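Annotation comment: Swiss-Prot describes 75-99 as coiled coil. Per Swiss-Prot, the feature compositional bias 'Basic and acidic residues' maps to 201-212. Among the features that Swiss-Prot reports, region 'Disordered' is placed at 189-212. Positions annotated as topological domain 'Lumenal' by Swiss-Prot, on the basis of sequence analysis: 1-4, 132-155. Look at Swiss-Prot and you will find 25-110, 173-212 tagged as topological domain 'Cytoplasmic', backed by sequence analysis. Per Swiss-Prot, transmembrane segment is recorded for 5-24, 111-131, 156-172, and the stated evidence type is sequence analysis.
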Amino acid sequence: MASLLLFVLVIQIITYLINTIGARTIDSLLWLLYIKLPNQASQVAREQRHAKLEVIRLKREMSATSSQDEFAKWAKLRRRHDKAMEEYDVKNKKLSALKTSFDWTIKTVRWVSTTGVTVILQFWFSKSPIFDLPRGWLPWQVEWILSFPRAPLGTVSIQVWGGACGTVIALVGGAMGVAAPAFKKINQPRGEAQKMGTPRGSREQTPVRKTQ
């Protein structure tokens, strides 16, 4: 069961990283990578950016054109601007629909690969011990808790092992988050700390007594 032990540990680490970084942040990064690939979404994204730039350009030309002195030119620019705006709205709605579908797919894959796999493993291996405890090492009450709910007495169940892994990973991650700023401060170069001292040229001068 060593492979199952490590597999549960890896799932808990992945789950912790997702919760720490944030699902939305990960989804946004994956979307940016996805639209860089040669697919329909990347094509629509390029067309949407092109339409947006065209709207901005026409709007600037309209602002630089007087609606009174150059009404004919201004009206022509206005019609082109409205048409470009409509095209931009169509591309933007299409891109939003593709992103919604992409986000739903990513959420489904993320749930299946973490929570879904955990539930399936806990159900399928509920009677299988992750590892055996030394005989007589712990009281039978503690052994019963560690084997909960259906693993043999004197062993550790997959449910208990998964919960223990999640707790330890969260504690280690929290400790690293607290220790990182302190470690960075300790390793700060001394030159930067010395800059906070008395600036050059600001020494106090000893008063000189005048002789009569």
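Every residue gets a Cβ built from N, Cα and C, even glycine.
The DSSP breakdown of the topological domain 'Lumenal' (132-155), given as helix, strand and coil counts, is 7 helix, 2 strand, 15 coil.
Outside the topological domain 'Lumenal' (132-155) by six or more residues, the chain places 126 with a CB less than 8 A from a CB of the stretch.
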